[in-house]
Amino acid sequence: MKLQLKADLGLLLVTFFWGASILLTKVGLEGIEEYNLIALRFIIAFLLSGLIFYKHLFKIDFKTVKYAFILASVLFIVYIFATFGTKYTSVSNAGFLLCLTVIFIPILSAIFLKHIPEKKVIVGIFLTIIGIGLLTLTSEFKIGNGDIFCILSALFYAIHVIITGSVTKHVNSIALGVIQLGFVGLFSLIFSFIIETPKLPSTTNSWLIILALSIFCTAVAFIVQVIAQQYTTPTHTGLIFSLEPVFSAGFAFVFTGETLTGKGYLGATLILVSVLIAEVDFKGLLRVGVRRNVE
């Protein structure tokens, strides 16, 4: 099996775990409070990742800690909005809205980095706006708080991706990622002590959900992503990650019987199509097709 195919399958596994994490989070919140859940998820993930990548932690310097603190601050906001959003909207809505990061990245890059988006990205943005409206707006033209939180989570994750792209060039990326997980866990624990009454899960099911979120959806996903992205292309990565809402909707349907309205399915489809339009290198595919025909 080729390395790129293995890498793509690894990223598909990561996407599968992320799709499952939305349903796991929603169920987990029935037995534990929001900041408490985020704290447990990231502290366990930090410890596991630290054990696996402990050699990289010896390379930590002040710059790495500083960048990890900055990135973790943004990632903490991402997960606050994602967790509260998942609590107050449907699993399917959360899945499709959280994938809007792919659309927000070129918008923010155009604003702050002066990177003019391609025409296909502009088309994707236009379709996304229509899709969000169909997916989230009620008959009274109101959007739910949970949907707003999910959109904000996607926006802040786009900010996180852009910052990560600039700082990872200057430090050990694996050490940066591991320390970042620890900071998010620490921030969440502090907020849990201030706002909530932190506790450990009281049932076997709650523990299983926390461990699944920590081990598979965070630590393993982080480790596999770091390794796999070295052996595949950004286009492949973006396309595979765009399947996350499909997995989340599938989990919601299989385990809770959750479905969308006809309008909702149309909106979800438009969002997914917009993500694919933004990610697919159509010119590259056309060149490959022409080359193969010539051969």
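The chain as shown is numbered from 1 upward.
Each Cβ is built from the backbone N, Cα and C atoms, and glycine gets one as well.
Source: prediction; values computed, not measured.
Taken from TrEMBL, the feature domain 'EamA' applies to 6-136, 146-277. Taken from TrEMBL, the feature transmembrane segment applies to 9-29, 35-53, 65-82, 94-113, 120-137, 143-163, 175-195, 207-227, 239-257, 263-282.
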Counts of helix, strand and coil residues, the domain 'EamA' (6-136), according to DSSP: 111 helix, 0 strand, 20 coil
Winner by Cβ pairs under 8 Å against the transmembrane segment (239-257), considering only 9-29, 65-82, 120-137, 263-282: 9-29
Long-range Cβ neighbours of the transmembrane segment (120-137) (under 8 Å; 6 or more residues past either end): 93, 96-97, 100, 103, 106-107, 143-144, 147, 151, 260, 263-264, 266-271, 273-275, 277-278, 280, 282
Residue distribution over DSSP helix, strand and coil in the domain 'EamA' (146-277): 107 helix, 0 strand, 25 coil
Intrachain residues whose Cβ lies under 8 Å of the transmembrane segment (263-282), provided they are six or more past its termini: 92-93, 96-97, 99-100, 102-103, 106, 120-121, 123-128, 130-136, 235, 238-239, 242, 245-246, 249
